[in-house]
Amino acid sequence: MLSNLLHKLLKPTFAIYNCSSEERRLNGHCRWSTHIQSLESKVVEDFRRRLKYFFMNPCEKYRARGRKPWKLMLQILKIAIITIQLVSFGLSNEMMVTFKEENLMTFRHLFLKGYKDHRLGSFALYTKADVYDHIYYVINRYIDLHNLTVGNLAYERVDGKYAPLSVCQEFYRNSTIDPGNETFDIDPHIDKDCISIYPMQSFDNSSLASHLNFSLDFKRLLSVSINLTLKTINLQTVRHHELPDCYDFHIMIMFDNRAHSGKIKVDVVNDVIIYECRDWNVEGTSDKNDYLLLSFDSLVILACFTSLILCMRSVINGIQLQFEFNIFFHTYYNKIVTWSDRMEFVNGWYILIIVSDTLTIAGSALKIGIQTKYLTNYDVCSILLGTATMLVWVSVIRYLGFFKKYNILILTLRAAFPNVIRFCCCAAMIYLGYCFCGWIVLGPYHDKFRTLDKVTECLFSLINGDDMYATFLKMRDKSYIVWLFSRVYLYSFISLFIYMVLSLFIALITDTYETIKHHQQDKVPVSQLQAFIAECRDQPESGSYQTDEESASCCLSPCCCFR
């Protein structure tokens, strides 16, 4: 339809070119042809000028039309308030994490017999007597907790009664194991048996053993877990003008015998529940600080929501203009716009800001929930706010791109990114092959290759030149064939990735940089879109951009018909 419309509009012009000059003077068609040509030229120039204005930076748009860069100012304000919010939350989160870690270390010292901070490796037991002794030791320490600890620890109460400590063992249902005769008969179903012990009782090891009637069949035993709950209050936040939180530590002391290797690993883990204390009073304080923090978080949400709406509008306008340009180029020049030119209309920085704003709004809402004690998920909130702040600061690169010397670096990163991704996909195939090979062959003989995730970390460290000699040295005392394989494996991996893969990776970026630099020096357009816009010589200060985009002459343009 657009092609037919344009053909009808231009048909009189083509007819006039075939008539004589005498006939044109007689019937006045020469003036009509000139009028049509001027209209078409104006349509193209107006659309070219519109495209150039679309790709201007905020400062150029201000010089072109005098519109204040509200979006730019909002982004600068948003960077400041999001950073302040993150610092405030980071300090609060730091106190919470420190309190949890220090309490976990306290529990290890309280309940693990002979535990030392500098102990290397895991805490483990090797004899039956030690296992019984440590279980009874944990129970006695729990019963006598108030006389031992220097912290503000208390037992949990349920319906006015103290919650008990529970000792649970897991074991195979039935088994007959005789390594001497090389025979065994085992039922793999797992049974669980638990006993409960209430605090405020007094036992020594001998009376406790007779009272509990607790015994372990180590041939069938899988694990013993001791579960208890302790309550405390984090008072250190008072010094930072924050209300203290109440904590419930659900502690589990695990005696792990699943390997049945003669070594029972012992570890202490805890799950923390944070909530608002029931009744509190801090002299000289009020809820004013909490209201200020909530108001500030609300301001952050409002700023990010406004930024989100503005950026989404800009992305939608860009997509609409991309469709218009595609129709315009096909109608006027009978050419298909390439996909790379189409993607020029989708501003990646706006997408980045939209993602950042979404994460900030979600993280700020969680932060408000944490401050009001409705939520306690610090980890999710930290991930959301941390990622959002990272993206906000990455978006600052966009504003550095307004300067010519910085812009060439940004253009290089953007142009090299697709090739870098393709290159990394190819290199990843080789990397994964080495990972699987090292895990299977060297895993039984080298700690750094014991698990697949350790292999990937070790090989990535080797690529960056870290810890090379220690990796080679660890294999010296192994069998000759494994030692020989490890040398071939490590030398080939290091040579391949450091001398070839990394060199090609750097060359890929360097080549892109030289290409961009050459185009900028020679001012050669690198795409149809840039070549089309480059024909517009109007500067932002010329005043040409003050005209109405919806002028009457635009009615001949297929872009207007599209709209």
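Backbone N, Cα and C define each Cβ position, glycine as well.
Curation plays no part in TrEMBL annotations; they are all automatic predictions.
Marked as domain 'Mucolipin extracytosolic' by TrEMBL: 96-278.
What TrEMBL records for 380-516 is domain 'Polycystin cation channel PKD1/PKD2'. Across all of the domain 'Polycystin cation channel PKD1/PKD2' (380-516), the predicted model scores a mean pLDDT of 85.
Here TrEMBL flags 291-312 (among others) as transmembrane segment.
The transmembrane segment annotation in TrEMBL covers 349-370 (among others).
Feature annotation from TrEMBL assigns transmembrane segment to 382-400 (among others).
Positions annotated as transmembrane segment by TrEMBL: 420-442 (among others).
Per TrEMBL, the feature transmembrane segment maps to 488-509 (among others).
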Which residue counts does DSSP yield for the domain 'Polycystin cation channel PKD1/PKD2' (380-516) in the helix, strand and coil classes, in that order?
117 helix, 0 strand, 20 coil
Per the Cβ filter (under 8 Å) with a sequence gap of at least 6 from its ends, the transmembrane segment (291-312) is approached by 71, 74-75, 77-78, 81-82, 84-85, 88, 350, 353-354, 356-358, 360-361, 364-365, 367-368, 371-372
